[in-house]
Amino acid sequence: MSLFNWVSLVLFLYLSRPILSLKGSSDISARFLSYAKKEELFDWMVGVRRKIHEYPELGYEEFETSKLIRAELDKMGIEYKYPLSVTGVVGFIGTGKPPFVALRADMDALAMQEMVEWEHKSKVPGKMHACGHDSHVAMLLGAAKILQDHREELKGTVVLVFQPAEEGGGGAKNMIDEGALENVNAIFGLHVDSKLPIGEVSSRPGPLLAGSGFFEAVISGKGGHAAIPQHSIDPILAASNVIVSLQHLVSREADPLDSQVVTVAKFQGGGAFNVIPDSVTIGGTFRAFSKESFMQLRQRIEEVVTGQAAVQRCKAVINFLEKEKPFFPTTINNKDLHDFFRIVASDVLGVDKVKDMQPLMGSEDFAFYQETIPGYFFFIGMQNETHMLQSAHSPYFEINEDALPYGAALHASLASRYLLQSQPEATLPEENYRDEL
């Protein structure tokens, strides 16, 4: 082959290679955000979110929420698998072939009474969407509509993961066990943040959220009349000493540079002013960023509870509730996905709208996905300039629905551009060419 033909061949292959540059695909993000802000799509997402908000369901009970999701996917012509982990739904958009990238939304509500008086207040007594999962579902369905309407542009398959039981039930772990991440190369998830300005996102590479566990202890003594305590064995006094001693685990045993938390948030015992009860139940949570520190806390909590109870002549039985509330691993963001996220989010929102943040002691069962495949979790702002929003898990928690288009566009952009950048490099044909010059 002549030198001219050889150069021509190389130039042709170079020009016809898959376009891998993220900068070259930045127009996707701009188009998706404009699409998400269209009045028709925005109003639809708001309507979906409000329907879910009115009828909140607890972990593994999200039957109506799941039914609504499947109905909307059916209308869009999106195939899905159901059920996974009781109520979970996994949808598929694109070619049905590799690469595969997943987007996740949690569906469950909290067992608390809503105190916000508005037209779409929870209609289920004692249950409320107080952590924004209704908005997470609406955003992912919005992303599904964007991606389905642009499915001819997708260079692979987007997997939509609608997950039950994030609030302590470990729904993510069960979704994985039932095959939700089959063939998936990476996964993205988000959470609304009432303190972050709308149109902004924040995250970080590496540890983002702490690993967490729960515990409950029954401390038993001997009940009796409050006027003659010498004839009783007081479990309330024992439980009080236990609680004080538990606080020393962090203040006196943990490295000050290794963030840890032990909080007793439950104390139940006695029902009369003049009766010492037979037993007291306490419970709480513990958090750490390393597995070593986490397991050390677990061991010491058990030792302190049983030991301090014994000092007061009581017996203690402790339960770490691992079946009902599995231990959550630390949420650790993949470094490469962090770099990718910053580029895509900057194209969607602007470079100045993408913020770095410090780790938080909160926890997320999204971490189970990250133990299996590379994953990335971030926070999306919904701060209302004219009305201060309460933090998550408050009975006064509200959603600024203006954030919905941003979440939908970010989901869709991250997925489509991940597929685009994951295309294989073009290679030269295997034939042996000889320079005849």
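Using the three backbone atoms N, Cα and C, a Cβ is placed for every residue, glycine included.
The shown structure was predicted, so the numbers you read here are calculated from the model rather than taken from an experiment.
TrEMBL has this to say about the protein:
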- CYS131, HIS133, GLU167, HIS191, HIS393: Mn(2+) binding site (BINDING)
- 211-306: domain 'Peptidase M20 dimerisation' (DOMAIN)
- 1-21: signal peptide (SIGNAL)
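Structure with TrEMBL features highlighted.
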residue : record              : Cβ contacts under 8 Å, 6 or more apart
CYS131  : Mn(2+) binding site : ALA109, LEU110, GLU167, ALA392, HIS393, PHE397
HIS133  : Mn(2+) binding site : ALA105, ASP106, MET107, ASP108, ALA109, GLU166
HIS191  : Mn(2+) binding site : GLY132, HIS136, GLU364, PHE377, PHE378, PHE379, ILE380
Cβ neighbours of HIS393 (Mn(2+) binding site) where a neighbour is any other Cβ within 10 Å: 13
Would you list the other residues of this chain near Mn(2+) - those whose C-beta lies within 8 angstroms of the C-beta centroid of CYS131, HIS133, GLU167, HIS191, HIS393 - in sequence order? ASP106, ASP108, LEU110, HIS129, ALA130, GLY132, GLU166, ALA392
